[in-house]
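Record features (Swiss-Prot):
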BINDING   15-22, 62-66, 124-127  GTP binding site
DOMAIN    7-175  domain 'Era-type G'
DOMAIN    206-283  domain 'KH type-2'
REGION    15-22  region 'G1'
REGION    41-45  region 'G2'
REGION    62-65  region 'G3'
REGION    124-127  region 'G4'
Amino acid sequence: MSTDKTYCGFIAIVGRPNVGKSTLLNKLLGQKISITSRKAQTTRHRIVGIHTEGPYQAIYVDTPGLHMEEKRAINRLMNKAASSSIGDVELVIFVVEGTRWTPDDEMVLNKLRDGKAPVILAVNKVDNVQEKADLLPHLQFLASQMNFLDIVPISAETGMNVDTIASIVRKHLPEAIHHFPEDYITDRSQRFMASEIIREKLMRFLGAELPYSVTVEIERFVTNERGGYDINGLILVEREGQKKMVIGNKGAKIKTIGIEARKDMQEMFEAPVHLELWVKVKSGWADDERALRSLGYVDDL
């Protein structure tokens, strides 16, 4: 019997919306798991990303951005998901953006001060800071806010110093058996990942009109005789005008979304994919907690 020690633990990636948490997770894993977009609030579920390297297994929880605005049911549930992720982990990576500091950052920090887990502060997008002279005083200001385990300036986009974060994570994993086989990179189903890929393309190809008012339901996900997958995706929007926007002129927009989503699915599933998309108006879904539960928004709380 092998007596080699193994190390395993859960790490929450937290921060206000749009600071680069999902990009950081994807870089730490070496491939795309969490959806990234320039819009705030693109991550709606806690995605578990798993990175195994030799005896070390880091299980990353990618939270929705914690934010102060809680009026809509979907926002309340997203904040609940983010807060519950902080409570049950060995380590927290708190992501902030360059030299910006907002009331939302302050709110996340206050939640972390109440927690027991040590916190790494990842100062992201430092390569985008115009006035480099402002960076050091800002890092000193951040250091005075809390007793951080470490403060690491990074660029999740380029990968700068992401290996430093990974190294700190490894050092703080407790001795434990691995929770997942070493080839696992997420505990989410292929059906769930298909819906996330479609949603990312919607975010990417549509204007700022649709930050929350769109979601994706996978109605059919089956293997076919060609060794690939037949996938039917239903895109839910809140208003008729949004439906027209998703479809585009003579169906051009939804065609582009479908083509790009299919490419990503084929790469992720390593098999041919036949994808069909429909758009349906379901008014008020983002305000209706029952509808959100039926769409799986609270399946992991």
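Cβ coordinates are placed from backbone N, Cα and C, and glycine is handled just like the others.
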Per DSSP, to which secondary structure element type does K21 (GTP binding site) belong, with helix, strand and coil as the options?
helix
Across all the protein chains here, work out how many other Cβ atoms are within 10 Å of the Cβ of K21 (GTP binding site).
30
V126 (GTP binding site) in three-state DSSP notation:
helix
Can you break down the domain 'KH type-2' (206-283) into helix, strand and coil residue counts using DSSP?
29 helix, 28 strand, 21 coil
Pick from G15, N18, V126: which of these binding-site residues has the biggest number of other Cβ atoms within 10 Å of its Cβ?
G15
